[in-house]
Amino acid sequence: MHVEKEQNDVKKGEKEEYLAQGSVGNEERKEKGEQRTERIRSRTLTFHNALMSAKEASEHEKMRALA
């Protein structure tokens with residue numbers, strides 16, 4: 001009986017340790033995901049700004065041609 005309780009305690013400790021390791025991994029994955037999202041957002045904004053600059057330049061050329 002005493003041996004079984006001790007074995008159960010060891011298993012419980014191993015399980016808690018395993019779960020703790022998993023939560024650390026989840027935090028790392030979450031952080032990497034947030035960094036990836038920020039990089040994508042930055043690239044999208046850069047592309048959008050370049051696109052808008054090109055559009056404004058095109059409109060400026062049209063106005064100059066009409067003048």
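Glycine is treated like the rest: Cβ placed from N, Cα and C.
The compositional bias 'Basic and acidic residues' annotation in TrEMBL covers 1-18 (among others). For the compositional bias 'Basic and acidic residues' (1-18), the list of distant contacts is empty: no same-chain residue at least six beyond its ends comes Cβ to Cβ under 8 Å.
When DSSP labels each residue, the compositional bias 'Basic and acidic residues' (26-41) comes out as 16 helix, 0 strand, 0 coil, counted as helix, strand and coil in that order. Annotation source TrEMBL lists compositional bias 'Basic and acidic residues' at 26-41 (among others).
If you look up TrEMBL, you'll see 56-67 (among others) marked as compositional bias 'Basic and acidic residues'.
If you look up TrEMBL, you'll see 1-67 marked as region 'Disordered'.
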